[in-house]
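K.L.:
As listed in Swiss-Prot for this protein:
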- 57-88: repeat 'WD 1' (REPEAT)
- 101-132: repeat 'WD 2' (REPEAT)
- 145-176: repeat 'WD 3' (REPEAT)
- 187-218: repeat 'WD 4' (REPEAT)
- 231-262: repeat 'WD 5' (REPEAT)
- 274-306: repeat 'WD 6' (REPEAT)
Amino acid sequence: MLSLRTPGFQGESVQFSPLVENKIAVAAVTHYGLGGSGRLYIHDVTPKGIQVCQHYDVEDSLFGVRWSQNCENQVYACCGDGSLRLFDLTMPSKPIHKWKEHKAEIVAIDTNTVDRRIVVTGSWDGTIKLWLGNLPNSVQTLNNGSNSRILTVATHYSSPNLLGYTSSDGLCKFWDFRSSDKFMSIEIPNQITCMNWSKSNHRMVYTADNNNLVYCYDIANLKTPLSVLSGHQLAVRSIKSSNSAHDLLATASYDMTSRIFDPEQHSCIRKVDLHSEFVRDVDWSDFGDGSWIASVGWDESLYIWNAF
């Protein structure tokens, strides 16, 4: 297990680089995102531990981070002032691009592994925007309603056109970029807090709710989950699928734990309680045997640990 403290900055989002084995990015906030500034950290993961490679300070909170799928030196971060920013690690002073179309905080971001130009952002203004590369403006906007804040967004791992997202109306919905509107949704009695796709089975989608449960669905039948996974004591904040042929799920929860679930066994196979505050995000590394996981939380700590 490796760890690094980020004094004064609480972790909100973490992602291993998909292109460089030893790089990891963290988006962090001050004052728990209720005001103040943000910081983008770029770390090197070495045999001696996690080393701070560089960081970028911004004037508002940073709620999400995603590496570019095209350039190993570029990182997108979404900001509390409604802006999307692109940083280049070879230019350490400030972002090389800044887009500002959202009317409220951007709290969710994802990139697409099929069409590597695609970046998607979700905001508390109730909209999701689709961006392509470095074009000066977004190319599509989905309006989910001004009274419904977007919570999470996730592009499909094998389709360049499919997006899943959750919002404060409690639903998980799906959007095909070739259409101007959402086309189906998951509705359960409890509020859905986050979602993600399987990396190995293109039909599988995972959600979690404020009743502390994780649900596994076949997208062809969203009325009945294939599996319901229990273990967390408070709501799940983030779900990520492993890269292995046998899907495993890593979760981050407000109960201050991360857990590993096996949907086929319908069970939690590991509980990790390294953090002393809310765990805000987790991510699996694409490299090696795919067993390394990073987690960040409001305890101002980054941990990298083995799933097994």
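The backbone N, Cα and C atoms fix where each Cβ goes, glycine too.
Quantities reported herein were computed from a predicted structural model and do not represent experimental measurements.
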K.L.:
In this predicted model, what is the average pLDDT of the repeat 'WD 4' (187-218)?
P.N.:
94
K.L.:
Apart from its near flanks, which chain residues at least 6 from the ends of the repeat 'WD 1' (57-88) lie with a Cβ under 8 angstroms of it?
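P.N.:
Sequence-remote neighbours of the repeat 'WD 1' (57-88) are 12-15, 17-20, 23, 25-30, 33, 35-40, 42, 95-113, 116-117, 119, 121, 123, 125, 131, 133-134.
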K.L.:
Below 8 Å between Cβ atoms, which of the listed ranges 101-132, 145-176, 274-306 makes the most pairs with the repeat 'WD 5' (231-262)?
P.N.:
274-306
K.L.:
Sort the residues of the repeat 'WD 6' (274-306) into helix, strand and coil with DSSP and give the three counts.
P.N.:
0 helix, 18 strand, 15 coil
